[in-house]
Amino acid sequence: MRHSDWRSRTSINNVHRNATVHGLSTLTTVLAYIYTGFITPHRVSAARASDVQKLSEDGVKEAQDCGRLLKEQGYKFDLVFTSILSRSIQTAWLVLEAMGQEWVPVVKSWRLNERHYGSLIGLNRAEMALQHGEEKVKLWRRSYDVTPPPIDESHPYFLEIYNDRRYTTCDVAKENLPRAESLKEVLDRLLPYWDSTVVPEIKNGRTVLISAHGNSCRALLKHLEGISDVDIASVTLPTGIPVLLELDENLKPVKPRQLLGDQAKIQAAIKKVEDQGKAKQTAT
């Protein structure tokens, strides 16, 4: 889901895991990206952000289905990391509930938040495509180091975002929080948390679940898999599909990532995400 939580696009939500598999000296990381609705910009006029940031009915079902799938495949978690965006947290709750693991501790950090889309917050992908053209929207959304125009005080959501009490919990001053981000900038603020907080847990043998967002998970995949700045643009994480990574002791993949579940549904989910960046023509 998105970041206006950063207007949270959370569609949000992703899952990670590490484990020793069948006695092998490997770590396993599972990313489950559950995305319902558009990015950062939530389209709401009267509704408050705290209401809008919750999962839709479809999002709730995706999270529950994801939890059931992980349970069927035998995953057991010791610790959960989420962003501080509501959909990320709610997804973690639903996944754990479906797995019968509600007791697992949950730790939250803004560094796992969805990418900040700056002044584009408040528009959905199709609206952005109509206003700015599909190619520019794709460049903003999918490129590695292109930052959209920053949000400023004149934006209708500015005060709602930066007066949100959740941002008083961050490890940086509120005035230093992002006003817009490229994918590169998402990785820049995510990596210190990954290295200092998540990695030690994994190396200590704990099975970790990370409930995050489309872009924070794409950024982490780029880092773990060594995806180039160019190739990351074509990486699409389908909604509600766990992505399996097996890592060696240096946290490097031992084989290509695997998308878990029905392959026909996975391809349909990928297409759904890709189509959201296309302009919808209205009848005249």
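Placement of Cβ uses the backbone N, Cα and C atoms for every residue, glycine included.
Owing to the predicted nature of the structure, the values given are computational and were not obtained by experimental measurement.
According to TrEMBL, the protein carries these features:
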BINDING   R87, E114, R115, H116, Y117, R141, R142, G214, N215  substrate binding site
SITE      H213  site 'Transition state stabilizer'
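The number of other CB atoms found within 10 A of the CB of R87 (substrate binding site), across every protein chain shown, is 32.
Note: the CA-CA distance between R115 (substrate binding site) and H213 (site 'Transition state stabilizer') rounds to 8 Å.
For H213 (site 'Transition state stabilizer'), the nearest of the binding-site residues by C-alpha distance turns out to be R87; the candidates were R87, Y117, R142. Each of the recorded positions R115, R142, H213, N215 was scored by other CB atoms within 10 A of its CB, and the lowest score goes to R142.
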